[in-house]
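**Q** To start, I am sharing the structure in question, which I have written as structure tokens.
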Amino acid sequence: MVSQTTSEVQPTMGVKIFSAGVAACLADIITFPLDTAKVRLQIQGEGQTSSTIRYKGVLGTITTLAKTEGLPKLYSGLPAGIQRQISFASLRIGLYDTVQEYFSSGKETPPTLVNRISAGLMTGGVAVFIGQPTEVVKVRLQAQSHLHGIKPRYTGTYNAYRIIATTESLSTLWKGTTPNLLRNVIINCTELVTYDLMKGALVNNQILADDVPCHLLSALVAGFCTTFLASPADVVKTRFINSLPGQYPSVPSCAMTMFTKEGPTAFFKGFVPSFLRLASWNVIMFVCFEQLKKELMKSRQTVDCTT
């Protein structure tokens, strides 16, 4: 993200934020069924016996959902997901370079690992607080099932916002902020820092040019590292956000209940769809993000030259 040649015009902060938001929305649209499968696998086993477990594996979950609830169910919560990327990814990714440059200001040497981690912590934390209501609605819509005559809690995205705010409280829209903050701090730092370091190593050692293959490989490596480290916090976040009022007194209580009833492997439920989703999301997002920045700056240069 920062390893551009000196001959290139550096993208402005506005270009970075816009490019990150557009790229993240496109990645979300393409990978959303994997995210829905991940959520269903993560909440599976919660208050259920083994005989009621219906989902087995990524493809099995997607197939079961499509057959029993219809193909549109795979995209339930997508509007909230798009809203989340606009308010969340555009900030955590789009502001990363700018904040990193701020921490490195006055220094001629490349950004240190501490500078990169600090930038990831700051942009991730701010983005989580702003985008948390969209995360709550997205998870609730993805988790609700229409089977066995169960009346869905919500009929749509804006209906979910209204019902949550009026029947539970406005603060419920920020439910699960703590585990989501932990998850996204891990994700933001691991994802952006790993991508940044991997891309820098490939380009600086002349293994690959700063182009699509380099961006693709860097995104895949970042996706695996991020999924592995963030999985426990991701599962706890999903369980806590989807829980009924009073089901879990606190986030630690949710984690302890999972551990005692389901064992340590519960914290890695949905790992495969989570990795497939995050890896593919990373590839689409980072490749589109890099290309959008370049094309927008080229367009800007062309306009400047003609005026």
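Each residue, glycine too, has its Cβ placed from N, Cα and C.
Feature annotation from Swiss-Prot assigns topological domain 'Mitochondrial intermembrane' to 1-10, 97-116, 196-212, 290-307. Annotated transmembrane segment per Swiss-Prot: 11-32, 74-96, 117-133, 179-195, 213-232, 267-289, in sequence order, evidence recorded as sequence analysis. The topological domain 'Mitochondrial matrix' feature in Swiss-Prot is assigned to 33-73, 134-178, 233-266. The annotation repeat 'Solcar 3' is assigned in Swiss-Prot to 210-295. Taken from Swiss-Prot, the feature cysteine sulfenic acid (-SOH) applies to C254, supported by similarity to another entry.
Help me understand the surroundings of these features in the structure.
**A** Sequence-remote contacts of a segment are chain residues at least 6 beyond its ends whose Cβ falls under 8 Å from one of its Cβ atoms, and for the topological domain 'Mitochondrial matrix' (33-73) they are 81, 139, 142-143, 145-147, 234-235, 238-239, 242, 262, 266, 269-270, 272-274, 276-277, 280.
Long-range contacts of the topological domain 'Mitochondrial intermembrane' (97-116) within its own chain (CB-CB distance under 8 A, at least 6 residues past either end) are made by residues 1-2, 13, 16, 122-123, 189, 192-193, 196-197, 200.
Beyond the topological domain 'Mitochondrial matrix' (134-178), the same-chain residues lying 6 or more positions past its ends with a Cβ under 8 Å from any Cβ of the stretch are 35-36, 39-40, 43, 68-69, 73, 76-77, 79-81, 83-84, 87-88, 128, 237-238, 240-242, 245, 251.
For the repeat 'Solcar 3' (210-295), the model's average pLDDT works out to 89.
In the three-state DSSP scheme, C254 (cysteine sulfenic acid (-SOH)) is classed as helix. Long-range Cβ contacts of C254 (cysteine sulfenic acid (-SOH)) within its own chain (separation 6+, distance under 8 Å): P179, V236, R239, F240, S243, Y248.
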**Q** Looking at the transmembrane segment (179-195) and the transmembrane segment (74-96), are there 3+ C-beta pairs under 8 A, with each pair at least 6 apart in sequence?
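**A** Yes, the transmembrane segment (179-195) and the transmembrane segment (74-96) are in contact.
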**Q** Within this structure, do the transmembrane segment (117-133) and the transmembrane segment (267-289) have 3 or more Cβ pairs under 8 angstroms, counting pairs 6 or more apart in sequence?
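**A** Checked: the transmembrane segment (267-289) vs the transmembrane segment (117-133), no contact.
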**Q** What is the three-state DSSP composition of the topological domain 'Mitochondrial matrix' (134-178), stated as helix, strand and coil residue counts?
**A** 29 helix, 0 strand, 16 coil
**Q** Same chain only, please: residues at least 6 beyond the ends of the transmembrane segment (213-232) with a C-beta under 8 Å from a C-beta of the stretch. Say none if there are none.
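**A** Sequence-distant neighbours of the transmembrane segment (213-232): 183, 186-187, 190-192, 194-195, 198-199, 202-203, 267-268, 270-271, 274-275, 278-283, 285-287, 290.
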